[in-house]
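According to TrEMBL, the Ca(2+) 1 binding site annotation covers Gly17. The Ca(2+) 2 binding site annotation in TrEMBL covers Asp39, Asn40. As annotated by TrEMBL, domain 'PLAT' applies to 2-119. Taken from TrEMBL, the feature domain 'Lipoxygenase' covers 142-631. Here TrEMBL flags Trp104 as site 'Essential for stabilizing binding to COTL1'. What TrEMBL lists as transmembrane segment is 124-148.
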Amino acid sequence: MAGYKLEVTTGDMTNAGTFDHIYVTLIGTGGRSERTELDNFGVDFNTGMTSIYTVKTCSSLGKLLLVNVEKDPYFCLPENQWYCSKIVVTTPEGDVILFPCYRWISRGELVELRGGRGLKKKTILSINISILFNCLPFAVFFFTFSYLSDAELMFKGLTGSTEQWESIEDIKKIFWFKTTKMSEYVTEHWKEDDFYGYQFLNGINPNVIKKCSELPPNFPVTEEMVKPFLDKGSSLQKEMENGNIFLCDLKRMDGLPTRVCDGEPLHITAGLCLFYMNPENKLMPIAIQLNQQPSEQNPIFLPSDTETDWLLAKMFIKNADSMLHQSVYHLMNTHYLAEVFTVATLRSFPVVHPLYKLLIPHFRYTLQINIMARDSIFGKKPLFTSSLGYEGLTELMRRALSETTYSSLCLPENITARGLMSIPNFYYRDDGLKLWNIINRFVKATVGYYYPSDKEVRKDTELQEWISEIFTHGFLGNKASGCPAGFYTVEEVIKFITMVIFTVSAQHAAVNSGQFDYHSWVPNGSLLLCKPPPNTKGQSSMKTILETLPNVGHTVNIAAMLWVLSEMYTDVVPLGTYPEEQFNEPVPKQMINRFQAELSHLKGVIITRNSQLEVPYKYLNPTQIENSITI
């Protein structure tokens, strides 16, 4: 007789345990065990419990390959799923083998668990791609915060109100117990030009600004226009040559269909905004044109114009930037790309594949949040109210996808292409590049362990299928995107997986986590503006500003939704934390430990830097970044 010791761990989340009968069958190269019930004296499979069982066989099963798990009902009790975290088997020969599970198991299911050692296989018997995660904490978070914010706003009699705001001060009364230090700072400083410029570097959309060495022909800014706002004795041409002029060009917004409100289409701007990095290292807006084609009805607004003219011009640029941020840089370039990566991983890799083990923690809850958001936030009847309707948002994403390149998703190349390598006070770049390099070293070590040569890459058919899926369905087979359709070298694999992990963790944090901080004060970056942009100068007043802003009901709707999207729920897993033990070998575990140590060091560097800043940049602190896109 031979005895196999099984250590069976039930998850520690709510309702993870079960009263049902649990059976296992061990399968090895030398045969299989009998279907054996796991039953000790007393209660089995309680939440958070690890229990030890013995499975006896007539002889050794050889190399242990699989553990099959089944669940049958206990008497007539209703279905209660069981969350099995892992099973650790000690063989008669003394081998200790991890079989990761980390999923819910229902009655009547046959779940095949494979060992935790990473293996590349040319053929597989079956691939279980069940992704039945526990959505309870996530769903509770979503609806609880929606309820709390709605309840507060309803208590104040604001939800659904079609009244216009009577003063800017009144908008401060929206939330009386939900503020952050940053949201309070934004409320007080949103009109200031230096803070306006700062946000294009370190706000929630640091993706659009680029160095300007030559003015676009459709943006006829003259030396005389901007001379008062440059360093004394300098000129626009000289500042461009010195690398101090930057441009935000929102041409992607041109001609998009907009929402219809009260029988009239709303307006958006495909504007251009010119910035100057002054000697105090402050990025200042110095010229704004609100439409692409210059004309007498499309004047260039300047800081020397009336306060409300200049403020309106800045608000319309931020309105367009906010919609571009939400639909392209947030939804499409993180959420939807992550969905492509997730599905390709589930379709192409068996669970024993080392790249499955490396990647799967970074796709936790991603499909669930995308399914919910697709209808509730960005559907035909969205919770978000914006100047662009469903058709406009869809067309904007279509345009952006046709222009998306692989290099634009790789932060070092993105920063270089936009000419932002040396612009000062660009904390998104500084922290992001450090994170990119830390992730890259971790990926390089892990991939290199399993792929010692380029030959190993070329002959891995599952890996080739994975990248082909992403190229075909994520980049629509567009060769101009630069996305590889196949892998030929280890370095190519390392770079691409670095991009994947960075996108679904750090990049998502950068464009998501600060939404309440920066835009809950709706005048600073409203998704909805109700009047057309100004086409003449000197005709505006503060009354015009208030009429242009969303009404009371729409304002609180936007602020409440940003509250929900910026909160962390209780089941959060920070970057570099792997509670589900996927790898069995010591070497990958050591690599994870080094990865975590580097992230911890970066956390200290960022905290020290932020302690000296008036406006700290915290969104790429590793403790504030999730392993995956979950909200």
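Residue 1 is the first one shown; counting continues down the chain.
Yeah, the Cβs are placed from backbone N, Cα and C, and that goes for glycine too.
It should be emphasised that the depicted structure is a prediction, and the values quoted were computed from it without experimental measurement.
Across the domain 'PLAT' (2-119), the DSSP tally of helix, strand and coil residues reads 0 helix, 62 strand, 56 coil. On the backbone, the CA of Asp39 (Ca(2+) 2 binding site) and the CA of the residue listed as 'Ca(2+) 1 binding site' stand 14 Å apart.
Along the domain 'Lipoxygenase' (142-631), the predicted structure has mean pLDDT 92. The CA atom of Gly17 (Ca(2+) 1 binding site) is located 10 Å away from the CA atom of Trp104 (site 'Essential for stabilizing binding to COTL1'). The Cβ of Asp39 (Ca(2+) 2 binding site) has 12 neighbouring Cβ atoms from other residues within 10 Å, across all protein chains displayed.
If you measure from the Cα atom of Asn40 (Ca(2+) 2 binding site) to that of Trp104 (site 'Essential for stabilizing binding to COTL1'), you get 22 Å. Look at the recorded positions Gly17, Asn40, Trp104 and count other Cβ atoms within 10 Å of each Cβ; Asn40 has the fewest.
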